[in-house]
Amino acid sequence: VSVLTTLERRFNLQSADVGVIASSFEIGNLALILFVSYFGARGHRPRLIGCGGIVMALGALLSALPEFLTHQYEYESGEIRWGAEGRDVCAVNGSSGDEGPDPDLICRNRTATNMMYLLLIGAQVLLGIGATPVQPLGVSYIDDHVRRKDSSLYIGILFTMLVFGPACGFILGSFCTKIYVDAVFIDTSKLDITPDDPRWIGAWWGGFLLCGALLFFSSLPMFGFPQSLPPRPERAGESEQAMLPDRDYERPKPSNGVLRHPLDGDSSTTCFQQLRVIPKVTKHLLSNPVFTCIILAACMEIAVVAGFAAFLGKYLEQQFNLTTSSANQLLGMTAIPCACLGIFLGGLLVKKLSLSALGAIRMAMLVNLVSTACYVSFLFLGCDTGPVAGVTVPYGNNSTPTSSLDPYSPCNNNCECQTDSFTPVCGTDGVTYLSACFAGCSSTNLSGCSCLTSVPAENATVVPGKCPSPGCEEAFLTFLCVMCVCSMIGAMAQTPSVIILIRTVSPELKSYALGVLFLLLRLLGFIPPPLIFGAGIDSTCLFWSTFCGEQGACALYDNVVYRYLYVSIAIALKSFAFILYTTTWQCLRKNYKRYIKNHEGGLSTSEFFASTLTLDNLGRDSVPQNQPHRTKFIYNLEDHEWCENMESVL
C-alpha cells in the first residue's frame, strides 16, 4: 500500500487499476481459506503455516521483478523527466525538437508496462495464497494451547502483531521511496531531482526484496513445532480432569483439537465425502444469527480500514500537499501504532473485565459510535484544490465566467506542452500551473513566464510544486491527531468480536468458524472496498494526464469533492456495522443460552469443575474433598443436526 502512488506514476496506472492490485492479494487468500481452515485443522498446523510463509517469500520476490524486467525510468526522462533541460519549458521556435527520445519508443514500451501490471497482480495473488494458513490455524493453535481465560490476551497480541506489520511496512515504504527507483543501475549523484520533486519515483521494489528474505527465514522455525504441544498440568486433581470433555477442548489431543463427530466419518472416508460436509457445516454456522451478524459487522469495520488505508497515503498527498515518502512515514509512525495499541487494549479489557459475550457486544457498540464520530469530523478537515490555471480558474485569473477552462491558452499555444505528466509549478501570482510549459516559461531558470499577466514581467517567475493553501498546516495537524484517536478506538472492537465469534460455535468447529470469518472478511471486507474507493476517487478527477493517446493517471483532483466522497463511504460502512452490532445485542439479550455454546471467560474450566464438586459435597462433609479416585462425568449434549445416532454419542 505504501508504494501504490509510486506504482501509479511508474507504470501510468489509474486509481481503479491500483485498487485491483490492492485487492488481488485477497483474491489469492480467498481461493484457499475454507479448505485450509477445514482440512488444516486435521493436519499439521505449524508446518502448513511454514509452507505458507515460503510461498509468500516467493510472491514477494515476484513483486519486485517488474523493476528488473522493464526498461529503466531513465529512458522515460522523455516522458516525465526532461524538466530542467527542455520539454517542460516552453519550446519557442521548436527549440526542443532535437532533445529527448522519440515518442514512438515510449509508446512501444507501453505494452511492456501492461505486462508488468499483470505480473504485479500475479505476485499479489501468490502472496495471498501463502498468507492463508496463518490466521485461522494460528488462532486455533493458540486457543487450543492456552488457558481459556488467557485466550483473549494471546489472540489480542497476535492481532496486534498483524497490524504492527503494516506499520513497519509504511516506514519501510517511506524509506525506500527516498531512494531513486533505478539506484542499482545508474549513478544517482548525477540526478538533478530530489525526492520532493513531483517527478521523483522511489525504489518501490526494495521493500519486497527485504520482506521476501524475512518471510523465508521466519517460516523455517515453524517446521520445528509439534502437531500439538504436550498438555500443561493444571492445579486441579489429576483424576478430576481425567474424563471431563471440556478439558479435552483445551488440551491438545492426537486429533489436533478437533473432536471427531459422526459427521467426520472415519479416516477411511474419502476426501470427496469430507468436501460434501463443508456446505452443511457452513449452513449450520450461518443459520446462527449472532454468528452471521458479528461476521458481517466485522466485515464492515474491516472494509472501512481496507478502503480508507489503501488510499490514505494518496489522500494525504492530495489534501495536504505531502510527498509520498513523508505521507507514508506519518502513517507508519502515528495511525498504525495507535491501531495496534487499540487491538491490544481491546483484548486486555475483555480479559480484565471478564466480559461475557453480552458485555463484549456492548463494548463493540460503544467503540463503533465513538470512532464514527471521529470520521464525521474528517469531513471538515482538509484543504481546497486552490487556483489552478486552466483547470479551476481561467488564465490571467480574470474571474469572468465567459472564459472557458482550458489548460491551453493563447499565452502557451506555441509551446507544444505535453500532458503526459504533472509537474506543477507555483507562479508569483499565487496560481498553480500544470507545468512550467503551461505557464509559458521559455527559459530553464523558470523566469519570464508569459502566462503570468497579473504581475510585472520581471517578476513573472515560477517555483516547482503546488502553491500552498492557507490554513492547511493547522488542518493537517488536527487531522493527524483525530486519525490517531480514531484508529485506536476503532481497533478496540476487534478482539471482542472474535471472542464472541469463538464462543458462539461449538469447540470442534472453532478452526472452521474462524476460516469462515476470514473468508467473508476477504470477500466483503477486503476485495470490494479498494475498488469502490478507487473508482470513487477517480470520479473526482479534474485533469487527466494523457499517455500515447490514452488516458493515464489523474494529475489533479477536486479536493473538496474527494474529501466528502472518501469520508462519506467510510461513515456509511461504520453506520451499517453499528446496526449489525445492535441486532446481535438484541439476539443475545433475549436468548443468551441458546446462542453461546461454550461457557464464558469468567470461569476457567478447572475453577468451574471445582465449584461443582463443592456443591456436590455440601451434605456429605465426611467424604474428604481431595480424594484422588473421585471422578466426574459431565456431558454437554447439543441438539446438533449430525447427532442422529445417539448410541455413538453415549
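From the backbone N, Cα and C atoms, a Cβ is placed for every residue, glycine too.
Per TrEMBL, the features are:
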type     : residues : note
TRANSMEM : 20-41    : transmembrane segment
TRANSMEM : 48-65    : transmembrane segment
TRANSMEM : 115-132  : transmembrane segment
TRANSMEM : 153-181  : transmembrane segment
TRANSMEM : 201-225  : transmembrane segment
TRANSMEM : 290-310  : transmembrane segment
TRANSMEM : 330-350  : transmembrane segment
TRANSMEM : 362-381  : transmembrane segment
DOMAIN   : 405-453  : domain 'Kazal-like'
TRANSMEM : 476-502  : transmembrane segment
TRANSMEM : 514-537  : transmembrane segment
TRANSMEM : 565-588  : transmembrane segment
Contact between the transmembrane segment (362-381) and the transmembrane segment (115-132) (at least 3 Cβ pairs under 8 Å, separation 6+): no
Segment-segment contact (the transmembrane segment (20-41); the transmembrane segment (115-132)) at 3 or more Cβ pairs under 8 Å: yes
Stretch with greatest number of CB pairs under 8 Å, the transmembrane segment (290-310) reference, 201-225, 330-350, 514-537, 565-588 candidates: 514-537
Cβ-based contact of the transmembrane segment (330-350) with the transmembrane segment (48-65), 3 or more pairs under 8 Å: no
Among the ranges 115-132, 153-181, 201-225, 476-502, the one whose Cβ pairs under 8 Å to the transmembrane segment (48-65) are most numerous: 201-225
Annotated stretches the transmembrane segment (153-181) and the transmembrane segment (201-225) touching (3 or more Cβ pairs under 8 Å): yes
Chain residues in Cβ proximity to the transmembrane segment (201-225) (below 8 Å; excluding those fewer than six residues from its ends, i.e. six or more beyond): 2-3, 6-7, 9-10, 46-47, 49-54, 56-61, 63-64, 66-68, 73, 130, 169, 172-173, 175-181, 183, 195, 324-325
Segment confidence, the domain 'Kazal-like' (405-453), expressed as mean pLDDT: 78
